[in-house]
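Colleague: Before I ask anything, let me first share the structure, which is written out below as structure tokens.
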Amino acid sequence: DLKGPLQAPLTARTMESGGALNGSAAAAAGRFTAAGTAALGALMALLIAVIVAGNALVMLAFVADSSLRTQNNFFLLNLAISDFLVGAFCIPLYVPYVLTGRWIFGRSLCKLWLVVDYLLCTSSVFNIVLISYDRFLSVTRAVAYRAQQGNTKQAVLKMVMVWVLAFLLYGPAIISWEYISGRSTIPTGECYAEFFYNWYFLMTASTLEFFTPFISVMFFNLSIYLNIQKRTKIRLDIFHEVHNQSFTEEVETSPEAKPSLKCCKWEQKDFGRCPLTADLRPHEP
């Protein structure tokens, strides 16, 4: 996933959740030196190329190799599509905004950009939760999980639900907020969501977009770890039990070891220990 640390500082979602770029801050962002503007532009161009190329390769591999079309890989494909669109659409529109400190593409494209940016960032978060949940099922419900690997319809349905829920979280608010409130609070030349200063909405949305997914992923990963640890312990116990049983049977069937075995049992009964030594093992012919 190329999103994470690469995309987060460069999206409208991060601007608004962290309050890094709005109002006068947007104007301040445009006051770069010529060298600084050129360097930042080059870095952003490189960032776009890496995000687009990396996620395009993931999608191409999925299309070219049919063996990769498992249920879990469908969810990885969904995440790659989201990140690809971030690099191909969201960041390129953001670059001139951050370099000049002014939105030059008009109000309609601003609203479209915000809807798409929030949609893609939120869908990436939900996709990570879905991937963690899928891994959780593969470990804790292994038999049922393997039986559903060929059910691509169920995987596609989950992918569609991710996009629908991601849109419903912010999309309607971005589109209709100014009509519900009766006016727009966004100054000319700037581009951010109307609910930027609404603490109640941001807190509710952040809970659904960040805190709930974070707790869910933590729960799934912790459950996976504990389940694997438990199964490893059971396997080790079975291995030691089988090994000890095989050794005991080998000793009992060896004529040379029977006297030593009787002695060992007598010592174990009286002293609670059995000093098994080399004489308990069958002698080589």
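From the backbone N, Cα and C atoms, a Cβ is placed for every residue, glycine too.
Feature annotation from TrEMBL assigns domain 'G-protein coupled receptors family 1 profile' to 54-285. For 38-63, 75-95, 115-134, 155-177, 197-226, the entry in TrEMBL reads transmembrane segment.
Structural setting of the listed features?
Modeller: Sequence-distant contacts of the transmembrane segment (75-95) (same chain, at least 6 residues past either end, Cβ-Cβ under 8 Å): 1-3, 7, 10-12, 41, 44-45, 47-48, 50-52, 55-56, 58-59, 62, 105, 109, 113, 116-117, 120-121, 123-124, 127-128, 130-131, 134, 155, 158-159, 162.
If you look at the transmembrane segment (155-177), the same-chain residues 6 or more away from its ends with a CB under 8 A from one of its CBs are 71, 74-75, 78, 111, 114-115, 118-120, 122-123, 125-127, 130, 193-195, 201, 205, 208-209.
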Colleague: Per the 3+ Cβ pairs under 8 Å rule, pairs at least 6 apart in sequence, do the transmembrane segment (115-134) and the transmembrane segment (38-63) touch?
Modeller: no
